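Here is what TrEMBL records for this protein:
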ACT_SITE  Lys16  active site, for sulfotransferase activity
BINDING   Lys16, Gly17, Gly18, Thr19, Arg20, Arg99, Ser107, Tyr207, Lys222, Gly223, Arg224, Pro225, His226  3'-phosphoadenylyl sulfate binding site
DISULFID  Cys208-Cys217  disulfide bond
DOMAIN    7-244  domain 'Sulfotransferase'
Amino acid sequence: GTSRQIPQTIIIGVRKGGTRALLEMLDIHPNIVVAATEVHFFDWDENYVKGIDWYRNLMPFSYGNQITIEKTPGYFTSPQAPRRIHDMNSSIKLLLILRDPTERVISDYTQVYYNRVESHKPVQLFEDIVIKNGVLNTKYKAIQRSLYDVHMEKWLKHFSLDQIHIVDGNTLIKDPLPELQKVERFLNLPSRIMSSNFYFNQTKGFYCIRSDGRERCLHESKGRPHPLVNSTVLEQLYSYFREHNAKFYRMVNHSFDWH
């Protein structure tokens with residue numbers, strides 16, 4: 001009685017915003033099934049040309065009463081993804097998880113830093129990448145990815161605001177349940193995720209998941225300690241993002257507790 005379905009909901013981003021945590025937490029819900037890996041169908045041309053059947057075959061088997069969700073954080077910043085997703089299903093529901101843009105930049109750097117260390121490649125200090133010739137390096141990809149207003153504008157050309165639910169990534173990490181209950185309502189699902197599904201792991205410093213008699217935490221690559229960043233550089237980043245954040249708040253009719 002099961003089949004593979006094209007996703008009715010997609011987590012479109014943002015990279016280092018908490019997409020994996022959101023997906024794993026939603027997987028608790030009996031009416032949700034999730035794709036195991038990031039598919040990169042709508043943002044990578046070499047995958048998109050393989051067609052919709054290729055995409056469907058990467059989805060998990062589901063029952064008729066279940067919603068299939070995939071997540072690829074690269075979709076949010078992709079120029080092609082909004083139109084391609086709209087072409088597939090113009091009434092799809094999208095989930096976007098965001099966090100403070102400066103924190104996201106540092107987290108982005110941290111992931112690349114550890115990847116380079118593990119591959120025995122040379123690494124640079126955060127400040128040496130972010131500051132060039134004494135000014136902020138706004139061409140740095142991690143900074144570009146945090147310009148939420150710029151990317152959101154592309155999505156709103158194809159989707160109405162009521163099709164995009166924004167999850168507060170900073171809140172999800174500190175207190176998961178209220179954010180997940182909002183997602184349940186947005187997806188018109190019965191309320192099934194409970195506080196007993198989470199427990200705080202003191203060692204890791206964030207919430208882990210308890211469901212079906214099993215306990216699991218996110219991969220060790222999540223929640224890595226960030227480097228201490230020079231306070232002057234931090235202020236430059238806060239200052240740069242301030243106007244972009246204000247524009248984004250107006251776009252989505254919602255404010256966030258960002259610097």
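Even glycines carry a Cβ here, placed using N, Cα and C.
In TrEMBL, annotation is done automatically, which means it is predicted and not curated.
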Would you mind giving the whole-number mean pLDDT across the domain 'Sulfotransferase' (7-244)?
95
Please identify which of Gly18, Arg224, His226 has the densest Cβ environment, defined as other Cβ atoms within 10 Å, among these binding-site residues.
Gly18
Candidate with the highest Cβ count within 10 Å, taken from the recorded positions Lys16, Arg20:
Lys16
Using only C-alpha positions, which one of Lys16, Arg20, Ser107, Arg224, His226 is spatially nearest Cys217 (disulfide bond)? These are the recorded positions in the record.
Arg20
For Cys208 (disulfide bond), list the number of other Cβ atoms lying within 10 Å of its Cβ atom.
16
Please identify, among the recorded positions Lys16, Arg20, Ser107, Arg224, His226, the one with the smallest Cα-Cα distance to Cys208 (disulfide bond).
Arg20
Cα distance, Lys16 (active site, for sulfotransferase activity) to His226 (3'-phosphoadenylyl sulfate binding site), nearest Å?
12
Using a 10 Å cut-off, grab the number of neighbouring Cβ atoms around the Cβ of Ser107 (3'-phosphoadenylyl sulfate binding site), all chains included.
22
